[in-house]
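Copied over from TrEMBL:
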{"type": "TRANSMEM", "residues": "78-98", "note": "transmembrane segment"}
{"type": "TRANSMEM", "residues": "118-141", "note": "transmembrane segment"}
{"type": "TRANSMEM", "residues": "153-171", "note": "transmembrane segment"}
{"type": "TRANSMEM", "residues": "177-196", "note": "transmembrane segment"}
{"type": "TRANSMEM", "residues": "203-224", "note": "transmembrane segment"}
{"type": "TRANSMEM", "residues": "261-281", "note": "transmembrane segment"}
{"type": "TRANSMEM", "residues": "293-312", "note": "transmembrane segment"}
{"type": "TRANSMEM", "residues": "332-350", "note": "transmembrane segment"}
{"type": "TRANSMEM", "residues": "357-375", "note": "transmembrane segment"}
{"type": "REGION", "residues": "391-416", "note": "region 'Disordered'"}
{"type": "COMPBIAS", "residues": "404-416", "note": "compositional bias 'Basic and acidic residues'"}
């Protein structure tokens, strides 16, 4: 009896098989992440909790300003940013921050945006980042950006944070009106504590600052009347249940939010909230699987496509927040899951109490948190010309786009760099930093760094063409001399 040939699998069955294999792998990866979260939190609970609050210095000032101006709903912001913290901690297993979109916030405060207009800016950003992620353009963009430019964005962001700490220090807040000398002493003591925490890593420094700040607020609220012209509130807010409300932005509101704020935020979110974060995860947590730029972009999209309809503040991820949470002890997604649960409970039941504490939070202590975040981010630039840089590391290390190594033709060992190449890489990085600091804009810094990088490439190309041309001239001259000799 002749053997019956097995028909080849149909396209549909092949697709279903691949889908099933992908689902099994995703489940295994998710279980691995949860085991890592649980193990890290069990071994270092105080460090994880302390690290979860390390980003308050960049979060609270913008959150307070937008809430007081009635541009956003504080309760909705706490709830949906808390949910974003929880699902990113579960899916990625890293202390990925959820931060305000700073360019949108700045325009919203300067132009007195209403809820519809700031929500429109966030919805536009969500759609744009989602398109770049789904289409694969953001992965291509990541591979095309030179490492010195990426590190320049990170270092520039860190220095910008340090510079902004001075603004926080000069901002008036309740305990600081007592005596400027006491305020300066608190700053010095907090800074000395920060230096000590660098040596004694087990000290939950950010958690201690948070508890001290809450005690300050309670103490002055209960026992200090203050001057009659001071804005301190003695109303003692209580618990309140969240009453959600939704809205659909009108076309004029959507157009104003998109044109005036959304378009300007797009390059900042792409560069600092997606690409720089993906690289920073690999620098800070080399033993943890870094999320791809595509998954980070989809995370930003999901966070805003849901929350903005409820009046929540447009949010993204950020390299400064990640550096801050890492600096104060966060090493896994468990830290931001804790933060997300705290935000969620405050938003659902105690948004008025949260606002009262936030508004009167000692800004001098926020200043220290911002300085620490900036210093941690600046340190990333140190590895520019070492094996710690992505393009100088072994070829089997994955790139942040999730597609394996970067272009092997651009990948070389640090020891292979000439002195001229090292100087050029430093020049590109610092040109990027200069653009960010001078114009307070990541997009300008990125363009300055890319132009510097391209100028070096053009110089090499021109030198190579000139060498080939001179070589042909010498070759022709030699051929002519041989002909003359044979003629003689």
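Numbers run from 1 along the shown chain.
Glycine residues also receive a Cβ, built from the backbone N, Cα and C atoms like all the rest.
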Distant-in-sequence neighbours of the transmembrane segment (203-224), which means Cβ under 8 A and at least six residues beyond its ends: 46-47, 49-51, 53-54, 56, 174-175, 190, 193-194, 196-197, 232, 234, 236, 328-329, 356-357, 360-362, 365, 368-369
Same-chain residue ranges lying at least 6 outside the transmembrane segment (177-196) that approach it to Cβ under 8 Å: 169, 203, 205, 208-209, 226-227, 230, 362, 364-365, 367-368, 371-372
Positions whose Cβ lies under 8 angstroms from the transmembrane segment (357-375), at least six residues beyond its ends: 54-58, 60-61, 63-64, 67-68, 158-162, 164-166, 168-169, 171-176, 183, 186-187, 190-191, 193-194, 206, 209, 212-214, 216-217, 220-221, 232-233, 320-321, 323-324, 327-328
Leading stretch by Cβ pairs under 8 Å, where the reference is the transmembrane segment (332-350) and the options are 78-98, 153-171, 261-281, 293-312: 78-98
